[in-house]
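These notes are about the structure you will find just below.
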Amino acid sequence: MEESQGTLPLSTCHVQIGLLIINRLHMLLHSTALSFLFYYRLSFLFQDPENSGSHLLPWFLVFASEIILSFIWFLGQAYRWRPVSRAVFPERLPVDDKLPGVDVFICTADPIKEPTLEVMNTVLSSMALDYPQEKLHVYLSDDGCSPMTLYGMSKAYEFARWWLPFCR
């Protein structure tokens, strides 16, 4: 049973066919309506050769807003193109002794652009991950050789000795 659990997937992904059909039909209908609207707007521009400037500015503003909103609508359709439902199985995760080792590299260079407090929060959060302690290694690379980062790391080390046991 233990070997068969190792080959089972940790998650499954199913395409929702009914929602897929509804979404694609809506996209087709909406795209067709937008095409007719654009055709109407453009034909109005070229239909009347005596367009006055006073009528042209509001027409152009409305047409530009319709183009922008259509583009925004088009970008929003990506996640509707293939709707899926996912199921996860955390009970299929391997036991702690079979998990691989993880190295976390945190790079910093300038304590002005990357405040020391935020870097130390990142280090402490990485050390508090829910992962076997002997398989998790956190490295801090200070390319700027800042004494402020060194001082912050020493204070973070003192705090971690007190705080990390409560996180596990």
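The backbone N, Cα and C atoms fix where each Cβ goes, glycine too.
Unlike curated entries, TrEMBL annotations are predicted automatically.
Features of the protein shown, as given by TrEMBL:
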type	residues	note
TRANSMEM	25-44	transmembrane segment
TRANSMEM	56-76	transmembrane segment
BINDING	Lys113, Glu114, Asp143	UDP-alpha-D-glucose binding site
Quiz item: So what's near the transmembrane segment (56-76) in sequence-distant terms, Cβ-Cβ under 8 Å and 6+ beyond its ends?
Solution: 30, 34, 37-38, 41, 44-45
Quiz item: Once the chains shown are all counted, how many other Cβ atoms turn up within 10 Å of the Cβ of Asp143 (UDP-alpha-D-glucose binding site)?
Solution: 10
Quiz item: Which entry in the list of binding-site residues, Lys113, Glu114, has its Cβ near the fewest other Cβ atoms, using 10 Å as the limit?
Solution: Lys113
Quiz item: Beyond Lys113, Glu114, Asp143, what residues of that chain have CB atoms within 8 A of the centre of the UDP-alpha-D-glucose site's CB atoms?
Solution: Cys107, Thr108, Ala109, Asp110, Pro111, Ile112, Gly144
Quiz item: If you measure every Cα to Cα pair among Lys113, Glu114, Asp143, the residues listed for UDP-alpha-D-glucose, what is the largest value in Å?
Solution: 13
